[in-house]
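Taken from Swiss-Prot as is:
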- HIS59: O2 binding site (BINDING)
- HIS88: heme b binding site (BINDING)
- 2-142: domain 'Globin' (DOMAIN)
- ALA2: N-acetylalanine (MOD_RES)
Amino acid sequence: MALNCDDKAHIRAIWPCLASHAEQYGAEALHRMFLCHPQTKTYFPNFDFHANSAHLKNHGKKVMNALTDAVKHLDHPEASLSSLSDLHAFTLRVDPGNFALLSNNILVVVAVHHSDKLSYETHQALDKFLNVVSGLLTSKYR
């Protein structure tokens, strides 16, 4: 599912609002994922899963910063995500289905905080973008 020029424009328009709250939104998305899908906690054995914990904020910021880097490289996001793909596939061995779960929760967080900016077109573009990212992160799984 390739991103077209309109998708990229919608992503670039809303992303600064998300990047400026990377820690908060990333932590909220992870917290929602862990609550709704407790099986995803298995990859974080020493985490404090309480809302606003330092663990959630730290990892949430990493997630959102990686997405911000991918947004900066929308024409070739695979270059910015290659090392993360290696890490998740070969070292962490994260269930590839978890990326879709987290993507959904990121969209929920965007809707909660930016419903006024989340037009149908922007929602669709973000969904496509997160699917592209998920696909790239799972591309090295066998």
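Cβ coordinates are placed from backbone N, Cα and C, and glycine is handled just like the others.
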ALA2 (N-acetylalanine) CB neighbourhood, other CB atoms within 10 A: 6
Composition by DSSP (helix, strand, coil) of residues within the domain 'Globin' (2-142): 106 helix, 0 strand, 35 coil
Least Cβ-crowded entry, counting other Cβ within 10 Å, from the binding-site residues listed as HIS59, HIS88: HIS59
Integer Å distance between the CA atoms belonging to ALA2 (N-acetylalanine) and HIS59 (O2 binding site): 28
